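J.: The structure is given below, and queries will be raised subsequently.
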Amino acid sequence: MGDVEKGKKIFVQKCAQCHTVEKGGKHKTGXNLHGLFGRKTGQAAGFSYTDANKNKGITWGEDTLMEYLENPKKYIPGTKMIFAGIKKKGERADLIAYLKKATNE
């Protein structure tokens, strides 16, 4: 499992421009991520997803996020997330540890 504090820094640097994590947080360019773990792709209420996201049909968890965050456009071709990905597995683990905590508070 990753380091939550390191993950928070990664989130602020690479994700917070487009995403919020708190309950009731607003959608920005990307969806609010609260309740992410255990939710299927393309299901955050009130966010306009591409068909690719809605139809992917996987449930978000540590393993699916580890793969997705390495190369989002490869994992979900047609996603509108314009993020290249995080190549370092340790950084992805830290980010996932943070997301697991922050999206569930």
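A Cβ is built for glycine as well, from the same backbone N, Cα and C atoms used for every other residue.
Below are the features I grabbed from Swiss-Prot:
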| type | residues | note |
| --- | --- | --- |
| MOD_RES | GLY2 | N-acetylglycine |
| BINDING | CYS15, CYS18, HIS19, MET81 | heme c binding site |
| MOD_RES | TYR49 | phosphotyrosine |
| MOD_RES | LYS56 | N6-succinyllysine |
| MOD_RES | LYS73 | N6-acetyllysine |
| MOD_RES | LYS73 | N6-succinyllysine |
| MOD_RES | TYR98 | phosphotyrosine |
| MOD_RES | LYS100 | N6-acetyllysine |
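Are these features on the surface or tucked inside, and what are their neighbours?
T.: A coil conformation is recorded for GLY2 (N-acetylglycine) in the three-state DSSP classification, outside any helix or strand. In sequence order, GLY90, ARG92, ALA93, ASP94, LEU95, ILE96, ALA97, TYR98 are the residues near GLY2 (N-acetylglycine), counting only same-chain partners six or more apart with C-beta under 8 A.
HIS19 (heme c binding site) falls outside any helix or strand according to DSSP and counts as coil.
Neighbour list (TYR49 (phosphotyrosine), Cβ cut-off 8 Å, at least 6 residues apart, same chain): UNK31, THR41, GLY42, LYS80.
LYS56 (N6-succinyllysine) falls within a helical segment according to DSSP.
For LYS73 (N6-acetyllysine), the number of other Cβ atoms no farther than 10 Å from its own Cβ, over all displayed protein chains, is 16. In this structure, LYS73 (N6-acetyllysine) is part of a helix by DSSP.
In the three-state DSSP assignment, the secondary structure recorded for TYR98 (phosphotyrosine) is helix. Of all Cβ atoms in the shown protein chains, 23 besides its own fall within 10 Å of the Cβ of TYR98 (phosphotyrosine).
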J.: Fewest other CB within 10 angstroms, which one of the binding-site residues CYS18, MET81?
T.: CYS18
J.: Neighbours of the heme c site CYS15, CYS18, HIS19, MET81: Cβ within 8 Å of the Cβ centroid, same chain, sequence order.
T.: LYS14, ALA16, GLN17, LYS28, THR29, GLY30, UNK31, LEU33, PHE83
J.: Looking only at CYS15, CYS18, HIS19, MET81, the residues listed as binding heme c, what is the longest Cα to Cα distance in Å?
T.: 11
J.: Within 10 Å of LYS73 (N6-acetyllysine) by C-alpha distance: pick out those among the binding-site residues CYS15, CYS18, HIS19, MET81, and say none if nothing qualifies.
T.: MET81
